[in-house]
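Engineer: Before anything else, here's the structure in question.
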Ligand SMILES: [Zn+2]
């Protein structure tokens, strides 16, 4: 049975660890040391590494990990210098089969935060009998790096607001029960912004309280789900009249298209 857990790295990164029968796959290892520690503690063999984009806090651990695990396969975005010599370049529509986990991911090109950004989605989720913990069998899995956060989205370092809006719209079209594994614990500060934009969102208020409790206990707020993000994350809600009205008032301009509302939201958040 596949187990998925977060390895904290740097200040607020999560390196996601997927395991099955002592085999391990990590997503976006920005650092090697915390990964090596968990591999040793749990007597795991590192078989594959998935990379979502080229930023150092997502790739810095690849080379040192490969020095210890030379047989591990690395999957990374095609349109960048690869993070390792033997890395396998993947792009929109490619499949990444991980037989060690019994999973097959589909690659989505999701530019915006960076131009090379990709996400990995497993539409069928894990198989087998439910055990305690997450995810439940059959729930689709999404590893989205720095594109979608709980209550937020990535900064536009390389791409345009239109690209990011399109990428997020594609995520929003995934089933509501899709588990969303983001690469940073930004939830609490993101929700403060969402609450500024949507003061009367009851779902958001409920989630704010839940997240405050989790963070007090030092527990990750992730994974999230697409259904939850559609209900609370303003960056997935620029099409709603209430959001549009607030953003127009803040921007002091009439915004006609959803993309314009999204772009103004992203600029507002940058200064928040
Ligand atoms: Zn990044």
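Please read every residue number as a count from 1 along the shown chain.
Even glycines carry a Cβ here, placed using N, Cα and C.
These numbers come from a predicted model, not from an experiment.
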Engineer: Figure out which of 12, 146, 176 sits with 53, 55, 113 in the Zn(2+) 1 site per TrEMBL.
Structural biologist: 146
Engineer: Please state which member of 165, 166, 184 TrEMBL lists alongside 57, 58, 146 for binding Zn(2+) 2.
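Structural biologist: Answer, per TrEMBL (Zn(2+) 2 site with 57, 58, 146), from 165, 166, 184: 184.
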Engineer: So around the Zn(2+) 1 site, 53, 55, 113, 146 aside, which residues have their CB within 8 A of the centroid of those CB atoms?
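Structural biologist: For the Zn(2+) 1 site the neighbour list reads 52, 54, 58, 114, 117, 145, 147, 154, 157, 183.
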Engineer: C-alpha of residue 57 (Zn(2+) 2 binding site) to C-alpha of residue 113 (Zn(2+) 1 binding site): distance in Å?
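Structural biologist: Cα-Cα, rounded: 14 Å.
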Engineer: Just to verify: the residue among 53, 55, 113 with the fewest other Cβ atoms within 10 Å, which of the binding-site residues is it?
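Structural biologist: It is 55 that, of the binding-site residues 53, 55, 113, has the fewest other Cβ atoms within 10 Å.
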Engineer: Validating a neighbour-count step here. Other CB atoms within 10 A of the CB of residue 57 (Zn(2+) 2 binding site): how many?
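Structural biologist: Other Cβ atoms found within 10 Å: 19.
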